[in-house]
Amino acid sequence: MTHIRKSHPLMKILNNAFIDLPAPSNISSWWNFGSLLGICLILQILTGLFLAMHYTSDTTTAFSSVAHICXDVNYGWIIRYMHANGASMFFICLYMHVGRGLYYGSYTFLETWNIGVILLFTVMATAFMGYVLPWGQMSFWGATVITNLLSAIPYIGTNLVEWIWGGFSVDKATLTRFFAFHFILPFIIAALAMIHLLFLHETGSNNPTGISSDTDKIPFHPYYTIKDILGALLLILALMLLVLFSPDLLGDPDNYTPANPLNTPPHIKPEWYFLFAYAILRSIPNKLGGVLALILSILILIIMPLLHTSKQRSMMFRPLSQCLFWILVADLLTLTWIGGQPVEHPYIIIGQLASIMYFLLILVLMPTASTIENNLLKW
C-alpha cells in the first residue's frame, strides 16, 4: 500500500517539495538561506498580525498606539521588537541568499532568478512602508524624501507623487494606504515565494561546483531537514539576542520623536539595509540621474545571466572572479557605511568612487575576468 504522503493530493505536493525531493549531496550552508527566509516571512506575518490588532493607522494616534503596544499590551514590546529586528534578519538572509546566487552562478535558472529579483523589490517596498507606520520623525521624513524621488520622472512626476500621497504632502491618507499595502504585500510575497520554489523544483538545486549533480542525489529528508533546523535555531538565537539585549541597536533614535512636518531632522537616512542604495542615490548630483542609479543598482541583477561570460557556472574554481566578488562585497559594505554619513567631504567623494566601482565591477571587470579565465584554461 502506498504511503499517505505519496497518495494524498495535498500531502503529495509537500512530500515532493520537502521530504522525497532529490537534493545534491554537497550543498553547503549557503543553501540554508532559502528556508531561513521562509521562516523570517512566517515570523514577520505572525508578529505583524498581532501588532495590527493594536495599531491604529491615523496620524493623530499612530505614534501613541505603538507606545501603547510597548507599554500596555501583554508582551507587546517583544512582539514589536521581534517584528522590527525580524526585518533586519530578513534582509541579512536576503543579501546572503542573493550573494550565494551570484557566487555560484545560480542566476542561470532564469525563471527562479527573475522571480527572486521581483521578490527582492517587493520585500524592499514592504520594509519601506513598514518603517513609515510608527509615525516618528524618521518615518515621516523618510516617506517624504523617498516618495518625492518620483517627482524626478519627467512630465507626470509631480502628479504621480501627489497621487501616491493622496494630497499635497505625506499625511493621513498616505499613512492609511501605507498600512493597507504593508498588510497585503507579505501575502503576495508568500505567493511569489511559492512560485519561486515551484520553478526551482523544475530544475533542481544548483551546488557549489556548478556541475550537474543528477548522478549524486540524496533525499531532502532527513539530511537537509536537520540542517535547516540547525540554521533556524541559529537564526532565532541571533534574532532573540538582538531583541532582548539591544533592540534599538539598528533603529534610529529620531523615530522616538513623533512626526513633525515643521521640523526636519539633521540627517535623514533609511534603515541600515537600504543605506547602500541610498549612498548610490546621493552620489549623483542630479535628481533623475540619482533615481535611475538607485533603481539600476538593484535591477542590474536581472541582467546577471547576460553578463556571465565564463565557461564555468560557479566561481568555485575561478580565483580571479572570486577576488572581484569579494571586492564587490567590500564595496557594498563601504556604500552602506557612506549611506549613513552626512553629505560632506570626504564622504561625498568616497560615495561617488564606491558607486562607480559598484557598476564597474558588475558590468565590466567581472565579465572581463571570466573571459581571461576562459583563456587561461587553454594553456
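Any Cβ shown, glycine's included, is placed from N, Cα and C.
Features of the protein shown, as given by Swiss-Prot:
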type: TRANSMEM; residues: 33-53; note: transmembrane segment
type: TRANSMEM; residues: 77-98; note: transmembrane segment
type: BINDING; residues: His83, His182; note: heme b b562 binding site
type: BINDING; residues: His97, His196; note: heme b b566 binding site
type: TRANSMEM; residues: 113-133; note: transmembrane segment
type: TRANSMEM; residues: 178-198; note: transmembrane segment
type: BINDING; residues: His201; note: ubiquinone binding site
type: TRANSMEM; residues: 226-246; note: transmembrane segment
type: TRANSMEM; residues: 288-308; note: transmembrane segment
type: TRANSMEM; residues: 320-340; note: transmembrane segment
type: TRANSMEM; residues: 347-367; note: transmembrane segment
Do we see three or more Cβ pairs under 8 Å linking the transmembrane segment (347-367) and the transmembrane segment (288-308), pairs being at least 6 apart in sequence?
yes
Could you pull out which residues elsewhere in the chain have a CB under 8 Å from any CB of the transmembrane segment (288-308), counting only those six or more residues past its ends?
98, 102, 105, 107-108, 110, 113-114, 117, 120-121, 124, 149-150, 152-154, 276-278, 280-282, 355, 358-359, 362-363, 366-367, 370
Residue numbers, six or more beyond the limits of the transmembrane segment (178-198), whose CB comes under 8 Å of its CB atoms:
17, 37-38, 41, 44-45, 48, 52, 55, 57, 112, 115-116, 118-119, 122-123, 125-126, 129-130, 132-133, 143
Over all shown protein chains, what is the count of other CB atoms within 10 A of the CB belonging to His201 (ubiquinone binding site)?
14
Spatial neighbours of the transmembrane segment (77-98) far in sequence, C-beta under 8 Å, 6+ residues away:
30, 33-34, 36-37, 40-41, 43-44, 47-48, 50-51, 66, 69-71, 116, 120, 123, 127, 130, 235, 238-239, 242-244, 247, 250-251, 271-273, 301
Fill in the CA-CA distance, His97 (heme b b566 binding site) to His201 (ubiquinone binding site), as an integer in Å.
17
Which whole-number value in Å describes the distance between the Cα atoms of His83 (heme b b562 binding site) and His196 (heme b b566 binding site)?
24
